[in-house]
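Encoded as structure tokens, the structure appears first; notes follow it.
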Amino acid sequence: MAIFTGLSSIYSVLSESAGVAGNLCAFVLFVSPIPTFRRIIRNQSTEQFSGLPYVYSLLNCLICLWYGMPFVSPNIILVATVNSIGAVFQFVYIAIFIAYADKTKKVKMSVLLGAVFVLFAAIAFVSLNFMESHVRQLFIGYLSVFSLISMFASPLFIINLVIKTRSVEYMPFFLSLATFVMSLSFLAYGMLKDDAFITSVCFANGTLSMECNQHRCSNRSASNRTCGAGLWLKSSLAATFSAVIFLVPI
């Protein structure tokens with residue numbers, strides 16, 4: 001009995017440590033765009049930067065925050081904490097982007113921001129009022145998987161810009177690295193917590209991060225005519241397939 005208790009305690013410490021490590025890596029990921037926004041503020045222009053990744057990230061953080069809440073998924077509160085911090089960062093980034101964007105981008109980003117909050121409010125309302133606890137967890141879990149795959153695939157659009165400019169300036173290496181390390185940490189956390197949703201999406205995210213870095217490196221020295229949208233589709237399908245493999249037992 002004592003041995004079982006000791007092993008249980010070690011298991012708990014390992015799982016929480018993996019979650020804390022994931023939170024720390026995620027924080028690095030959240031602050032990594034700061035140099036970009038310092039440049040935007042200094043130049044008073046969004047230049048060729050895209051605001052779409054931050055919109056994806058905000059929606060994703062809100063959905064994953066909801067998934068990590070105790071009344072949706074018990075015992076994974078670290079998922080809620082990291083995504084609450086992430087949502088604040090993404091909202092600030094979007095606000096800055098809107099402030100310095102041209103009129104067309106300003107309107108587009110404002111509409112998308114409003115749509116994100118309306119969509120999240122609808123998801124929260126429906127899941128709370130029309131679903132039992134288990135169904136609620138499955139519903140929000142599947143939503144979080146597909147929103148995360150979309151968010152982590154969104155930087156692949158930037159590869160099109162990298163190809164055109166033959167510069168990796170708009171695709172920082174450390175951003176991709178932080179994403180990959182965070183994926184590994186939460187992959188361990190999901191496996192230790194026996195949460196198929198966390199495990200599947202982190203595995204898929206790792207796949208996308210490696211794909212993104214591969215094409216980033218290939219474009220440092222050679223011109224590649226692969227279309228950014230086509231690359232996004234190919235990588236998203238691969239990541240979705242990886243996620244489905246983990247989710248089939250559910």
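Cβ from N, Cα, C; glycine included.
TrEMBL labels come from automatic prediction, so no person has curated them.
Feature list (source: TrEMBL):
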{"type": "TRANSMEM", "residues": "20-37", "note": "transmembrane segment"}
{"type": "TRANSMEM", "residues": "49-69", "note": "transmembrane segment"}
{"type": "TRANSMEM", "residues": "75-99", "note": "transmembrane segment"}
{"type": "TRANSMEM", "residues": "111-131", "note": "transmembrane segment"}
{"type": "TRANSMEM", "residues": "137-163", "note": "transmembrane segment"}
{"type": "TRANSMEM", "residues": "170-191", "note": "transmembrane segment"}
{"type": "TRANSMEM", "residues": "229-248", "note": "transmembrane segment"}
Self-check item: Two-stretch contact, the transmembrane segment (111-131) and the transmembrane segment (49-69), at least three Cβ pairs under 8 Å
Solution: yes
Self-check item: Long-range neighbours of the transmembrane segment (49-69), counting only residues six or more past its ends (CB under 8 A)
Solution: 33, 36, 40, 76-81, 83-84, 86-87, 90-91, 93-94, 97-98, 101, 105, 109, 112-113, 116, 119-120, 123-124, 127, 137, 140-141, 143-144, 147-148, 150-151, 154-155, 157-158, 170, 197
